[in-house]
Amino acid sequence: MSDIKKVVLAYSGGLDTSVILKWLQVTYNCEVVTFTADLGQGEELEPARAKAKLMGVPDHHIYIDDLREEFVRDFVFPMMRANARYEGDYLLGTSIARPLISKRLIEIARETGADAVAHGATGKGNDQVRFELSAYALEPGIKVIAPWREWDLTSRTALIAWAEAHQIPVPKDKRGESPFSTDANLLHTSSEGKVLEDPWQETPDYVYSRTVNPEDAPDTPEYITIDFEKGDGVALNGEAMSPATLLAALNDLGRKHGIGRLDLVENRFVGMKSRGMYETPGGEIYARAHRGIESITLDRGAAHLKDELMPKYAELIYNGFWFSPEREMLQAAIDHSQARVNGTVRLKLYKGSASVVGRKSPDSLYSERHVTFEDDAGAYDQKDAAGFIKLNALRLRLLAQQGR
């Protein structure tokens with residue numbers, strides 16, 4: 001271990017990474033550089049600086065970076081162009097944040113001359129894979145330290161005992177227990193552990209922190225509009241906004257109306273199933289709006305092909321392959337499809353739902369003249385359908401004739 005002189009730690013200031021900070025100092029006898037990413041998690045981050053200083057990290061080795069705009073612009077929005085949902089439901093709020101954190105970890109390692117980077121992901125979860133695949137893709141020779149795979153602290157009980165033995169404060173929630181395992185950023189908040197580990201038990205309402213209970217949401221619906229240019233949201237209710245500002249505003253609306261709650265049992269990349277509770281208020285509104293604008297601007301063939309590619313694209317992000325050539329290849333195709341995804345979507349927000357109720361676009365492929373039930377003035381000859389059906393039925397008739 002003597003070859004490790006300096007480590008950059010992805011540091012939240014919470015219990016796990018505070019224990020890791022002390023453990024790195026004790027075990028590796030090395031300098032530790034802390035990096036705390038502001039991804040819009042809604043927490044005051046200066047306490048992380050104070051705690052790092054208290055544990056012996058000098059000011060010039062404490063990095064707290066505001067990455068909110070980069071996060072939404074370069075990671076969330078490209079993913080949303082693909083309509084990505086892992087296993088049909090999960091909007092990938094944790095998964096999509098990991099490559100950006102890894103990217104900045106590697107940048108800081110280069111800036112400070114560090115020998116290694118470290119993270120607080122456990123050996124059971126997906127995050128260890130996401131952090132490390134991204135790190136190796138960006139810096140093939142980097143050393144990655146994953147304490148949960150090295151030390152003998154095999155449970156949260158053991159972790160808390162170690163923390164108390166080394167005078168590291170252990171936070172308590174309002175119920176007098178150690179907190180749930182949570183992750184938060186501008187896109188979502190996730191909770192795992194304790195009562196959530198039983199997939200039969202309904203999530204207690206006190207676990208939810210980002211949305212009101214839909215039953216308690218306003219009794220009057222609220223209507224909003226989102227403007228899109230080339231597949232990306234650019235304005236809310238006619239007011240131009242940056243990517244992060246737009247998502248934050250949608251989060252406020254989603255919170256108010258109880259939108260974006262998801263109770264999910266998912267298949268982890270490492271092989272086990274896990275149960276998590278996700279709150280993605282603004283992301284759910286945005287995702288539905290993006291689908292809405294695509295519905296009138298994308299050709300059927302392109303739209304259906306995108307839907308076929310989406311599960312693979314979502315799986316690549318979930319599994320940690322953001323920086324892989326296959327993800328970049330799919331992204332190029334997806335981005336090409338968005339060239340004319342322009343226009344405005346109107347949504348109705350009401351008691352947990354975000355419904356598209358209107359859409360318009362200068363690039364609309366919707367032709368009211370062709371689709372009308374009234375006189376179409378010769379736009380469409382219904383007799384043409386007979387030949388279309390006959391040709392498409394040919395193979396079915398031949399199969400039937402052979403008794404197949």
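Backbone N, Cα and C atoms are what each Cβ position is placed from, and that goes for glycine too.
Features reported for this protein in Swiss-Prot:
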BINDING   A10, Y11, S12, G13, G14, L15, D16, T17, S18, A37, G120  ATP binding site
BINDING   Y90, S95, N126, R130, S181, S190, E266, Y278  L-citrulline binding site
BINDING   T122, N126, D127  L-aspartate binding site
REGION    173-200  region 'Disordered'
COMPBIAS  179-192  compositional bias 'Polar residues'
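Features recorded in Swiss-Prot, as mapped to the structure shown.
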residue: S12; record: ATP binding site; DSSP class: coil
residue: S18; record: ATP binding site; DSSP class: helix
residue: Y90; record: L-citrulline binding site; DSSP class: strand
residue: S95; record: L-citrulline binding site; DSSP class: helix
residue: G120; record: ATP binding site; DSSP class: coil
residue: N126; record: L-citrulline binding site; DSSP class: coil
residue: S181; record: L-citrulline binding site; DSSP class: strand
residue: S190; record: L-citrulline binding site; DSSP class: strand
residue: E266; record: L-citrulline binding site; DSSP class: strand
In angstrom units, rounded to an integer, how far apart are the Cα atoms of D16 (ATP binding site) and Y278 (L-citrulline binding site)? 21
Counting other C-beta atoms within 10 angstroms, the emptiest spot among the binding-site residues S95, N126 is N126
Sparsest-packed among the binding-site residues, when each Cβ's other Cβ atoms within 10 Å are tallied, from D16, D127, E266: E266
Just to verify a number: CA distance, Y278 (L-citrulline binding site) to S18 (ATP binding site), in angstrom, no decimals. 25
Of the binding-site residues listed (Y90, Y278), the greatest number of other CB atoms within 10 A surrounds the CB of Y278
Consider each pair of residues in A10, Y11, S12, G13, G14, L15, D16, T17, S18, A37, G120, all listed by the record as binding ATP, and report the largest Cα separation in Å as a whole number. 16
In sequence order, which residues at least six apart in the same chain have a CB under 8 Å from the CB of S12 (ATP binding site)? T36, A48, G120
Could you round the CA separation between G14 (ATP binding site) and S95 (L-citrulline binding site) to a whole angstrom and send it over? 20
If one looks at the chain holding T122 (L-aspartate binding site), which residues at least 6 apart in sequence have a CB under 8 angstroms from its CB? Q128, W148
Sparsest-packed among the binding-site residues, when each Cβ's other Cβ atoms within 10 Å are tallied, from S181, S190: S181
